[in-house]
Amino acid sequence: GVPINVKCSGSRDCLEPCKKAGMRFGKCINRKCHCTPK
């Protein structure tokens, strides 16, 4: 995935930030969001 500078406590926290970044899916890795490009 593509790491973005958004802190998270769970993958759910990354859904919106990833959408806003123009990507989909979000996983929380090491307390940061990682998104999957479209």
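Each residue, glycine too, has its Cβ placed from N, Cα and C.
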Recorded disulfide partner - Cys8, candidates Cys28, Cys35, source Swiss-Prot:
Cys28
Using all protein chains in view, find how many other C-beta atoms are within 10 Å of the C-beta of Cys28 (disulfide bond).
17
State the count of C-beta atoms found within 10 angstroms of the C-beta of Cys33 (disulfide bond), not counting that atom itself.
25
Measuring Cα to Cα, how many angstrom lie between Cys8 (disulfide bond) and Cys33 (disulfide bond)?
6
